[in-house]
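To start, the structure itself, in structure tokens.
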Amino acid sequence: MSFRIGHGYDVHKFTSAKQNIIIGGVEIAYHLGLEAHSDGDVLIHALCDAILGALGLGDIGKHFLDTDNQFKNIDSKFFLAEIKKMLDEKQYSISNIDCTIIAQAPKMLPHIEKMRACLANILEIQISQINIKATTTERLGFIGREEGIATHVVCLLYR
């Protein structure tokens, strides 16, 4: 059996030009939005990078350029579905995924189960294979000042 591990990280800053945020494919009511070329889903972006990293295929920016207008405001679930195809082509399966959302606000806990279900559906895996947790920075740094959100994701693949 062959194992591969990948790590992904993403961060987006808040903008008053939008309202509500999308994290893990779930829309969350908030008075600000996330500045991004796509929908700004930091969790899916980090997950894409983790899977691509484990496969040795670079990162999300290599495959979906942020200068390409076809990806302007696109739903990030599209990226994850495309990367699932790459995973299948390489004949790897997901053992587990562990995600950490770092945000002072809004609170993520009420939305985590919906996020897990959304990601499991796209990746065609069991919800039990995905862990999502959220933490704050105790009001330190740009996240603590509620200027943005960051996410780390680790995934383990096998074949």
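Glycine is no exception: its Cβ is also placed from the backbone N, Cα and C atoms.
D10 (divalent metal cation binding site) carries a strand DSSP state (E or B). Cβ neighbours of D10 (divalent metal cation binding site) (same chain, under 8 Å, six or more residues apart in sequence): V42, L43, H45, A46, D49, A150, T151. What Swiss-Prot lists as divalent metal cation binding site is D10, H12, H45, and the listing cites sequence analysis.
Taken from Swiss-Prot, the feature 4-CDP-2-C-methyl-D-erythritol 2-phosphate binding site applies to 10-12, 37-38, 59-61, 64-68, 103-109, 135-138, F142, R145, supported by sequence analysis.
DSSP assigns H37 (site 'Transition state stabilizer') to coil in the three-state reduction, outside any helix or strand. Per Swiss-Prot, site 'Transition state stabilizer' is recorded for H37 (among others), and the stated evidence type is sequence analysis.
Marked as site 'Transition state stabilizer' by Swiss-Prot on the basis of sequence analysis: T136 (among others). T136 (site 'Transition state stabilizer') falls outside any helix or strand according to DSSP and counts as coil.
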Number of other Cβ atoms within 10 Å of the Cβ of P106 (4-CDP-2-C-methyl-D-erythritol 2-phosphate binding site) across all protein chains: 19
Recorded positions (H37, H45), the one with most neighbouring Cβ atoms at 10 Å: H45
Neighbours of D10, H12, H45 excl. site residues, C-beta within 8 Å of centre, divalent metal cation: V11, L34, A36, G40, D41, V42, L43, I44, A46, A150, T151
Fewest other C-beta atoms within 10 angstroms, as judged across F64, F142, which are the binding-site residues: F142
Site of maximum Cβ density within 10 Å, from recorded positions S38, T135, T136: S38
Distance check against D68 (4-CDP-2-C-methyl-D-erythritol 2-phosphate binding site) for the recorded positions H12, H37, T136, keeping those with Cα within 10 Å: H37
